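Per Swiss-Prot, these features apply:
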type	residues	note
BINDING	G157, V177, G178, D179, Y180, I181, L182	S-adenosyl-L-methionine binding site
Amino acid sequence: MSRLHATILTVFPEMFPGTLGHSLAGQALQKNIWSYDVINIRDFGLTKHKNVDDEAYGGGDGLIMRPDVLGNAIDHALSLNPRAKIYYPSPRGKVFTQGFAKEILRDIQLNSESFRQDEFKEEPAEHIIIREQRRMPQNSLVSSLLNDAVNMIFLCGRYEGIDERVIEEYNITEISVGDYILSGGEIPTLTILDCLIRLLPGVLMNQNTLASESFEKDGEFEGGLECGLYTRPEVWYNRKVPSVLLSGNHKLINEWKKEQSLMITKLRRPELLKDLRDKERS
């Protein structure tokens with residue numbers, strides 16, 4: 001059984017696995033470290049044309065994905081993965097970060113044991129899922145986003161977006177990948193999954209690599225940006241590798257890397273330093 005399973009609802013099923021079928025994610029897919037299935041929303045469309053959208057109440061440009069169509073597609077997905085939490089890539093959502101990704105995977109791991117214990121409770125598991133999935137308060141903390149899910153469902157919106165009632169009825173968590181607009185939710189879904197997959201045990205050859213990457217608050221750069229990287233040749237277009245990296249003095253090298261990380265972070269992402277100071281004060 002894979003460690004992470006994603007069910008993807010989309011009107012463009014041919015977009016998956018896409019880039020996730022290559023490189024590290026592709027190898028992990030072949031090893032069954034993660035798995036996925038795709039549900040074509042148009043299979044639940046209306047009329048012979050399989051329509052999935054309609055005009056917006058209240059006017060405005062663009063078409064809205066219908067709640068009846070999406071509801072049927074979601075119900076089908078939940079029948080296959082009843083413990084899944086539903087995610088909707090949206091510019092209104094909480095911004096997806098490295099820390100957010102780690103929280104999601106940690107919650108999956110911590111709650112996998114409780115899933116098995118649920119099987120021994122007298123209350124039918126299906127009843128439990130409906131109550132927790134659809135009636136959980138909308139203001140739940142990020143740390144509880146995946147409290148009930150080993151499986152994930154991604155709802156990929158198109159056109160102007162989806163009917164708000166779908167989000168309310170299924171208690172869908174909206175996730176943003178940044179302050180910009182894309183044509184649909186497929187690319188954000190690929191981005192989110194790629195980040196999650198590479199954090200799974202067995203995907204990276206050396207799991208310690210994660211500690212030396214940008215945004216890792218417990219890592220080498222303490223949540224800042226990674227320093228510049230260098231490899232052979234030693235001189236390229238009259239540009240030399242910094243001499244400290246050739247010295248063999250690991251103490252000096254580590255100090256240089258941290259100084260460079262601090263300088264780059266202060267210049268390009270100063271808010272990350274504020275987050276670090278806030279963490280130290282708490």
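Every residue, even glycine, has its Cβ placed from backbone N, Cα and C.
The most densely surrounded of the binding-site residues V177, I181, L182, judged by C-beta neighbours within 10 angstroms, is V177.
Counted within 10 Å of its Cβ, the other Cβ atoms near Y180 (S-adenosyl-L-methionine binding site) come to 7, all protein chains included.
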